[in-house]
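Per Swiss-Prot, these features apply:
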- Asp15, Gly41, Asn42, Asn45, Asp258: beta-D-fructose binding site (BINDING)
- Arg108, Ala226, Glu227, Glu228, Gly229, Gly255, Ala256, Gly257, Asp258: ATP binding site (BINDING)
Amino acid sequence: MEEKQILCVGLVVLDVISLVDKYPKEDSEIRCLSQRWQRGGNASNSCTVLSLLGAPCAFMGSMAPGHVADFLVADFRRRGVDVSQVAWQSKGDTPSSCCIINNSNGNRTIVLHDTSLPDVSATDFEKVDLTQFKWIHIEGRNASEQVKMLQRIDAHNTRQPPEQKIRVSVEVEKPREELFQLFGYGDVVFVSKDVAKHLGFQSAEEALRGLYGRVRKGAVLVCAWAEEGADALGPDGKLLHSDAFPPPRVVDTLGAGDTFNASVIFSLSQGRSVQEALRFGCQVAGKKCGLQGFDGIV
């Protein structure tokens, strides 16, 4: 029997990436070391990483027909990512961003043109055949619609034997109040350092202890804290930690968080423990920071 896929729902964007010696001053003109087009967006990047790790995966997000979408679809296919679930929109433009990567420290600065393109709706998601998937990951965006999607997965799972249930993860990355309702869904919830700090927490441990009451019974809450590594808290109340695995030289941090999330999901989907998944996530994300783009992470 063919292995079931991991579906990632969220953003795809065209990243136009300029690699520079140092971050430019305002009202100045500099030359870049190199420039490239790269498919980006959280859910899209996570698909790239899952595919590189060897997991069959699919992407669901919005695109509008045109040159940008042609490039993105071709790149998904080159990576072996299934795009049959894409929600094609008749209005709006496919999003793009300008990314500046500082070659001296790997820091990335992103200017996103988040266009008028509608996000994937619950109606779009109704058309998805859930039996194809063993895991569905949702990047928090239009949360009121995504709650309906998550409720549909829950309803589907109630009718399935344990081994056929779909596992669900949710990412709460942006500090927007609307997204916080997503904490209550999913077997695994990824909360970002940005959200944790926005809510007044000063460390991953503090954030996990403070936010665990918001997740559903039995869920695992995960928080990565950049160079300090990542922590996780599950229903047993035991705090788990993995140190970071920094590369010899940090060259590109664009997509490091998406790499971490995908690697944790991959590891858990393979039956590994939360501690093993946390460590694997930090290892792969660390390796990615030492590379331009994603090639070479495995």
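Our numbering is plain: 1 for the first residue shown, then up by one each step along the chain.
For all residues, glycine too, the Cβ spot is worked out from N, Cα and C.
Gly229 (ATP binding site) counts 20 other C-beta atoms within 10 Å of its own C-beta, drawing on all protein chains shown. Put simply, Ala256 (ATP binding site) is 9 Å from Asn45 (beta-D-fructose binding site) when counted between their Cα atoms. Mapped onto three states, the DSSP output places Arg108 (ATP binding site) in strand. When the Cα of Asn42 (beta-D-fructose binding site) is compared against those of the binding-site residues Arg108, Glu227, Gly229, Ala256, the shortest separation belongs to Ala256. Comparing Gly229 (ATP binding site) with Gly41 (beta-D-fructose binding site), their Cα atoms are 22 Å apart once rounded. Long-range Cβ contacts of Asp15 (beta-D-fructose binding site) within its own chain (separation 6+, distance under 8 Å): Trp37, Gln38, Arg39, Gly40, Ser96, Ser97, Cys99, Ile110, Leu254. The Cβ of Gly41 (beta-D-fructose binding site) has Gly10, Leu11, Val12, Val13, Gly61, Pro95 as same-chain neighbours under 8 Å, each 6 or more residues away in sequence. Between the two most distant C-alpha atoms of the annotated ATP binders (Arg108, Ala226, Glu227, Glu228, Gly229, Gly255, Ala256, Gly257, Asp258) there are 19 Å. Within its own chain, Ala256 (ATP binding site) has Ala285, Lys288, Cys289 as residues 6 or more apart in sequence whose C-beta sits under 8 angstroms from its own. Asp258 (beta-D-fructose binding site) sits 14 Å from Arg108 (ATP binding site), counting Cα to Cα. In this structure, Asp258 (beta-D-fructose binding site) is part of a helix by DSSP. Excluding Asp15, Gly41, Asn42, Asn45, Asp258 themselves, the residues of that chain whose CB lies within 8 A of the CB mean position for the beta-D-fructose site are, in sequence, Leu11, Val12, Val13, Arg39, Gly40, Ala43, Ser44, Ser46, Gly255.
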